[in-house]
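Some notes on the structure that comes next.
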Amino acid sequence: MTSGSKAHPVPATCTMESPPLHLDMGAARSSVCTELTIMPRPLAKSLQDSIDSNFPIDEGFQSGGEDEDMRRLFCNILPEVSTAAVDAPFHYTSSLPSKGVRDKLIGGLNIWVGASPKALDSVTSVVVDVHNLSLMQDDVEDNSPLRRSRPSTHSIFGIDQTVNSSTCGIVEVLRRSSEMQNPAFLKIVIEELRSLLIGQSLDLLWTHQISTPSVEEYLQMVDGKTGGLFRMASKLMIAQSESSNMNPTDLDALMTLLGRYFQIRDDYMNLTSQEYTKSKGFCEDLDEGKYSLIMIHALENCDHKSRVLLDSMLLERRATGAAGLGHKELILSMMQQTGSLQYAVEILSVLFNEIFELVELIDRRTGKVNKPIRDLLAALEIKKDSPRK
């Protein structure tokens, strides 16, 4: 180091054998040689103070110049950036028209649970947000063009930004959950989020591998993918209620059966409902190559020639990324021939009756007749030989 240079004493020095690095900051500032240092700093001391103490301005440095502006830009702590970009996809999804089924379900469950309005708001907020975030991911994974009759989120913001936004949204849900006074809140959210993602992974696996699951495997997938969100709602409500004498097991069973009913109903409506065609496109599940209960039944009950046709069309769908209109119409006619659509209606009827019996059981145990839940079930019921809606 030359005699004209200032020596900067540095504790805990890590010296490199190579020549020191010279930073030319312009003619107004002399060359400065620094050694690579690793130095602990008190947490209370600002980063700017640390920079100033380790790298003092040379005597030849003139304040107000271009170099000082550069130093302020690169060495100062900057304000936090706007979250507008990461929030926009989620806000768009949340703004899409919805029938509010989950809001109605939570409101109905509270007839039994008796959570406070504040607790109810916190549960509804988390459950609805998780639902919308899962829709964003579902549409990316299924390459769905429409969601609730509007362009899907990733078709507007792109896949990368949509995935990033949904991931950030999950982190935000976990942050809010961790700030609740009840420690069980976060545990429940994590537990059922995990169930949801594991269930979704099975759905994706079967589609990717073109592998037909058993009915039992299908139900296990649904219990995670769809039932997880319903159980999250009921468990959070009980955890937030100070006066509930509810048996959690009763509600767990009800929510799991409701999840199965919702998923099978959704699969059926996707193939038969004009309203669903307008909202998501004609038989969109066939574009996805989805192994719904109806598809599983058709594959297991068709003759050999039809099975070869179905398997071949599923292979072709994976190659092209979608099913053609003619393919969809052919698959639909084969499902009708095997009685698969009617089979789904019969299963829905069995589930509906079981759900209604559970509702009556909980009514008796709580001493409260739950009309909102009954009204919701009546609105969702699909009766045998129901016409195309």
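Cβ coordinates come from backbone N, Cα and C, glycine included.
The isopentenyl diphosphate binding site annotation in Swiss-Prot covers K99, R102, H131, R148. Using a 10 Å Cβ-Cβ cutoff, R102 (isopentenyl diphosphate binding site) registers 19 neighbours. Secondary structure at R102 (isopentenyl diphosphate binding site), as computed by DSSP, is helix.
The Mg(2+) 1 binding site annotation in Swiss-Prot covers D138, D142. Listed in sequence order, E284, D287, E288, K290 are the same-chain residues six or more apart from D142 (Mg(2+) 1 binding site) with CB atoms under 8 A from its CB.
Under DSSP, D138 (Mg(2+) 1 binding site) is assigned to a helix (H, G or I) in the three-state scheme. For D138, D142, the entry in Swiss-Prot reads Mg(2+) 2 binding site, with the evidence type similarity to another entry.
Annotation for R147 (dimethylallyl diphosphate binding site): spatial neighbours T93, L96, L135, D139, T153, S279, K280, criterion Cβ-Cβ under 8 Å with sequence separation of six or more. Under the DSSP three-state reduction, R147 (dimethylallyl diphosphate binding site) is assigned to strand. The annotation dimethylallyl diphosphate binding site is assigned in Swiss-Prot to R147 on the grounds of similarity to another entry.
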Cα-nearest neighbour of D138 (Mg(2+) 1 binding site) within the listed binding-site residues, K99, R102, H131, R148:
H131
Per residue, counting other C-beta atoms within 10 angstroms of the C-beta, which of the binding-site residues K99, H131, R148 reaches the highest number?
H131
Other residues near the isopentenyl diphosphate site, CB within 8 A of the CB centroid of K99, R102, H131, R148?
S98, G100, V101, V128, N132
If you count Cβ atoms within 10 Å of the Cβ of D138 (Mg(2+) 1 binding site), leaving out that atom itself, what do you get?
18
